[in-house]
Ligand code: HEM
């Protein structure tokens with residue numbers, strides 16, 4: 001199955017010179033040839049370019065946002081009126097479990113990966129990530145895992161144990177279908193994607209920075225991403241253990257959660273939340289990073305206390321490990337543990353508060369421009385603060401004992417997740433769209449999108465505080481008409497959910513009209529926002545090699561400092577260069593000999609072998625062996641393949657340097 | 001889940017554009033990635049060991065640790081595994097002196113010692129099974145086999161990595177710095193050995 005490709009160097013070789021001396025790909029590899037310069041869809045599927053991978057992460061994640069959103073709409077429809085008949089109790093259980101799983105693992109996390117993949121190398125002035133093929137592997141593994149989890153809908157019903165899947169409730173005895181099996185193995189697969197991605201990005205941040213960029217000159221978004229990747233490296237293995245214990249209990253009869261055998265039901269809870277609490281910071285810190293980029297640009301001021309924001313991000317990441325048991329106050333931990341975790345939880349509010357203050361002071365006295373990106377960033381500050389405040393009330397353990405498992409909790413985490421994570425991501429969409437696609441999203445549709453989302457989310461989740469404090473239990477699949485309060489507020493919540501959905505629809509419409517529009521005004525100028533960081537120091541969208549010349553960094557906000565300087569006589573900030581001039585300067589010094597990593601089949605092969613193993617675990621153990629064999633073969637192929645294609649990978653082989661020299665001499 | 005990642009870092013050379021000496025910190029990308037991966041593995045084994053320790057002495061039926069363990073036998077196989085770390089050190093030392101042939105030899109010896117250990121573990125498991133300790137018998141059975149099984153799989157992956165590296169060195173298919181590849185395999189190997197020392201002490205030596 002040799003794939004015929006054109007040589008990159010188009011030097012016509014006269015018959016008889018050089019060519020026969022070269023080895024053909026068959027001889028060189030003994031296997032099929034490498035996709036050196038694929039076209040069309042193959043250009044995307046076999047790519048190792050961090051920008052294409054970032055875009056694909058984003059597209060797939062957005063599809064799952066819609067899936068998770070539809071699941072949420074079904075939940076809200078069921079609860080719109082008393083005695084809802086939209087879903088049965090079993091379906092309801094599956095719906096909220098899969099809604100949460102989809103939103104957390106298949107939307108927010110991969111969407112953060114999309115931003116991280118695309119922008120981290122650009123922000124640190126690198127040509128790609130440290131391990132481009134591992135990057136491709138991460139993408140396809142995530143896609144494989146995401147599809148795997150959702151296949152359960154068609155193969156006997158989704159998982160139904162709630163997103164934290166407490167065992168023993170999730171063991172075979174209480175959840176006999178295959179839903180939980182798909183869930184456990186699917187998350188295992190997406191976990192591999194997160195782990196490899198995390199290692200890759202940390203090495204990238206640490207090792208691939210442009211000359212002169214010390215850690216404290218790194219853009220704040222990259223900082224937050226780095227903190228998140230450290231959290232992932234240490235949190236993923238813990239959930240891996242938990243998922244293995246669950247799978248082994250269900251598949252092979254392990255006794256881990258069998259209370260009759262003396263098992264401790266708290267084992268799962270501890271393992272899950274040791275992962276789970278860092279996980280909530282994994283969800284929200286990338287968005288913090290995004291708004292920390294957006295606010296300074298649209299306030300025309302540097303980020304207030306950059307170092308504080310960076311360090312408090314790291315502090316949140318660190319303290320985040322010490323608070324897991326605040327999810328378990330009601331489980332009988334004992335008074336001392338409850339006290340300790342309660343204190344730790346209140347402590348974590350401090351670095352979070354520091355951030356909110358920093359953002360506010362960034363805007364203070366700035367020349368604010370209320371673009372959609374800015375509105376979403378401000379929206380995040382407000383909504384996240386509300387969520388943070390209700391969060392502090394759970395930190396007080398006696399208060400939490402009253403609130404736990406009520407809609408008050410549901411309200412809290414939607415304020416922090418929707419108002420925090422999602423608003424940040426949307427801010428990022430509007431801010432970076434011109435960078436990625438070279439087109440500006442429409443501001444009018446953008447504002448409609450923003451306002452509908454803000455109103456929608458407050459209508460949906462605001463009333464949940466009230467019904468929650470009145471005792472409406474979480475995960476309740478219906479209620480009867482006697483409860484007047486519940487009827488009123490639940491109806492409002494459902495209306496709110498539709499407003500929210502309308503807001504998201506505006507975003508989709510915005511994307512479609514922006515990309516359909518023939519109006520030249522949608523084409524983004526080089527520096528549409530008068531931005532500050534390195535990713536704007538290249539064309540929109542950037543070329544495959546990112547920068548014609550790798551910039552040398554002297555300042556935090558390097559791009560800003562190249563454009564502006566203080567006039568010493570008047571003490572005013574004056575523009576000294578335009579973005580176009582800076583680009584021209586770069587092009588004048590363009591590096592000639594750039595070797596980019598080449599596309600490869602192997603990441604895809606290895607990724608696709610994993611769900612085969614998954615089916616094996618669930619249906620037939622023979623498939624485990626088949627899948628493992630494919631994995632090992634894939635890894636062999638991978639490890640023997642150099643990152644950058646050699647000349648003999650081309651068909652016909654590209655002429656060697658010597659041959660070219662001879663010819664051009 | 002570890003398999004994929006291990007072989008990945010052990011043998012791949014993706015560090016384009018930032019090869020040795022060109023990175024911001026001067027550390028090699030591959031080595032940094034391996035250290036991060038091993039950091040992650042610490043928590044994997046941390047979780048498994050904690051599970052075992054939590055369930056120590058809680059089994060309600062079937063044999064307990066003192067009825068199945070044979071400390072002299074496992075001490076010998078642990079010693080074999082420890083020796084394999086020594087031979088791995090020798091392999092890395094030879095590789096750094098550019099004696100790739102000798103390095104290949106020591107790596108083969110390491111793999112053989114590792115295989116002896118895994119073989120011993122398989123034999124031990126069958127013994128335990130004969131004495132009535134199945135995977136589903138008790139909390140002890142489940143958590144013991146899971147913990148030591150995971151470790152055994154890690155050793156096996158290490159053996160595959162060693163043999164694959166030897167094979168690739170033979171046919172000259174290792175892209176990039178050979179000594180570094182051997183060093184990376186070595187890092188992984190030592191890590192797996194250290195984990196065994198922990199397991200041996202906590203599971204076998206300290207009486208329940
Ligand atoms: C599109 C708007 C959304 C709506 C209308 C919505 C609605 C709901 C509702 C009503 C529940 C409670 C179900 C119950 O306890 O019976 C729920 C649960 C949940 N949602 Fe959302 N949600 C939305 C978006 C999100 C997002 C963006 C995330 C995360 C990033 C998220 C994460 C969760 C989680 C973790 C649960 C808990 C599920 C469980 O109890 O296991 N939701 N959602």
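Placed from the backbone N, Cα and C atoms, the Cβ positions cover glycine too.
Keep in mind that what you see is a predicted model, and the values were worked out from it rather than measured.
Here TrEMBL gives transmembrane segment for one range in the set A:17-38, A:303-324: that range is A:303-324. Looking at A:612-638, A:639-665, the stretch flagged in TrEMBL as transmembrane segment turns out to be A:612-638.
Cross-referencing A:157-180, A:445-468 with TrEMBL places the feature transmembrane segment at A:445-468. Mean pLDDT for the domain 'Cytochrome oxidase subunit I profile' (A:35-554) in this predicted model: 93. A contact between the transmembrane segment (A:488-513) and the transmembrane segment (A:612-638) is absent, since fewer than 3 of their C-beta pairs, 6 or more residues apart, lie under 8 Å. A contact between the transmembrane segment (A:266-291) and the transmembrane segment (A:412-433) is present, since 3 or more of their C-beta pairs, 6 or more residues apart, lie under 8 Å.
Long-range contacts of the transmembrane segment (A:336-358) within its own chain (CB-CB distance under 8 A, at least 6 residues past either end) are made by residues 288, 292, 303-305, 308-309, 312-313, 315-316, 319-320, 322-326, 329, 381, 384-385, 388, 391-392, 394-397. Looking at A:137-156, A:220-246, A:370-392, A:612-638, the range that has the most CB pairs within less than 8 A of the transmembrane segment (A:55-75) turns out to be A:137-156.
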